[in-house]
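K.L.:
Sharing a structure below in structure tokens format, with a few things to ask.
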Amino acid sequence: MSSIYLGVNIDHVATLRNARGTQYPDPVHAAEIAERAGADGITIHLREDRRHITDRDVRILRETLQTRMNLEMAVTDEMVEIALQTQPEYVCLVPEKREELTTEGGLDVLGQLERVKAATEKLTAAGIKVSLFIDADREQIDAAKACGAPFIELHTGHYSDAKSDVDQQNELKKIAAAAAYAHDLGITVNAGHGLTYHNVAAIAAIPEIYELNIGHAIIGRAVFDGLAKAVADMKAIMVAARR
């Protein structure tokens, strides 16, 4: 079976730093530890309100990462310009609302097709690989294809938040079907949001999924076990699910 890759989201290291307005813990240091522990890439979300990751973080991480940067951002002129200046390997376009604690759902590509397509084309022309964070919905996948996005990231929040085994299995089936559908269209499929050490294996076992982006669970585990072990343990579960 094909390999699966782990992108470690380090936003919540920045959240902890910003809670006191200090210079520590530094997400740049966290990225270096995560890479040494087996992370295949580092994911960061530069929000419009800069609530965790800052422009400084983006700049230094771009200079120091040994793996690849996946820059999550809203579909705005400001963010597109920052991406063009920064030149990350990947940009993931996500929905964003100031009042939300975290990204609450997938990007409505279908409802803003021309806007997303324009951003995708601009970033692609600069050599940046674009991913669209969407729900496991065929119409949204078709819209992503129409935008020319080579990657999508399937939103796993509904799966992660399911209150019963039946609901979770239903959400898992939706994700698996969406991954297969997108793969058949020639789109590379990533997934993420709300994944934990307890629920990640079933998602990692879906053969069409290329990479999982996971942050909160890893940073939470790192408080008790250390970041290197937290990353290595998550990667081990994912790899075992592919055997």
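Heads up, the Cβ atoms here are built off N, Cα and C, so glycines get one too.
Swiss-Prot lists these features:
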BINDING   Asn9, Arg20, Gly194, Gly215, His216  3-amino-2-oxopropyl phosphate binding site
BINDING   Asp11, His12, Arg47, His52, Thr102  1-deoxy-D-xylulose 5-phosphate binding site
ACT_SITE  His45  active site, proton acceptor
ACT_SITE  Glu72  active site, proton acceptor
SITE      Glu153  site 'Transition state stabilizer'
ACT_SITE  His193  active site, proton donor
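Describe each of these features in terms of where it is and what it packs against.
P.N.:
Within 10 Å of the C-beta of His216 (3-amino-2-oxopropyl phosphate binding site) there are 16 other C-beta atoms, taking all protein chains into account.
Cβ-based neighbour count (10 Å, all protein chains) for His12 (1-deoxy-D-xylulose 5-phosphate binding site) stands at 21.
Non-local neighbourhood of Glu72 (active site, proton acceptor): Thr43, Ile44, His45, Leu46, Val91, Cys92, Leu93, Val94, Phe133, each in the same chain, at least six residues away, with C-beta under 8 Å from its C-beta.
The C-beta environment of Glu153 (site 'Transition state stabilizer'), restricted to residues of the same chain at least 6 apart in sequence and closer than 8 Å, consists of Cys92, Ser131, Leu132, Phe133, Ile134, Val189, Asn190, Ala191, Gly192, Asn213.
Annotation note: His193 (active site, proton donor) sits in a coil segment as assigned by DSSP.
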K.L.:
In angstrom units, rounded to an integer, how far apart are the Cα atoms of His193 (active site, proton donor) and His52 (1-deoxy-D-xylulose 5-phosphate binding site)?
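P.N.:
One finds 17 Å between the Cα atoms of these residues.
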K.L.:
Tell me the coarse DSSP state (helix, strand, coil) of His45 (active site, proton acceptor).
P.N.:
strand
K.L.:
Can you see whether DSSP assigns Asn9 (3-amino-2-oxopropyl phosphate binding site) to helix, strand or coil?
P.N.:
strand
K.L.:
Can you check what DSSP calls Gly215 (3-amino-2-oxopropyl phosphate binding site), collapsed to helix, strand or coil?
P.N.:
coil
K.L.:
If you measure C-alpha to C-alpha, which of Asp11, His12, Arg47, His52 (binding-site residues) come within 10 angstroms of Gly215 (3-amino-2-oxopropyl phosphate binding site)?
P.N.:
Asp11, His12
K.L.:
Within the chain of Arg47 (1-deoxy-D-xylulose 5-phosphate binding site), which residues six or more apart in sequence place their C-beta under 8 angstroms from its C-beta?
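P.N.:
Listed in sequence order, they are Ile53, Ala74, Glu96.
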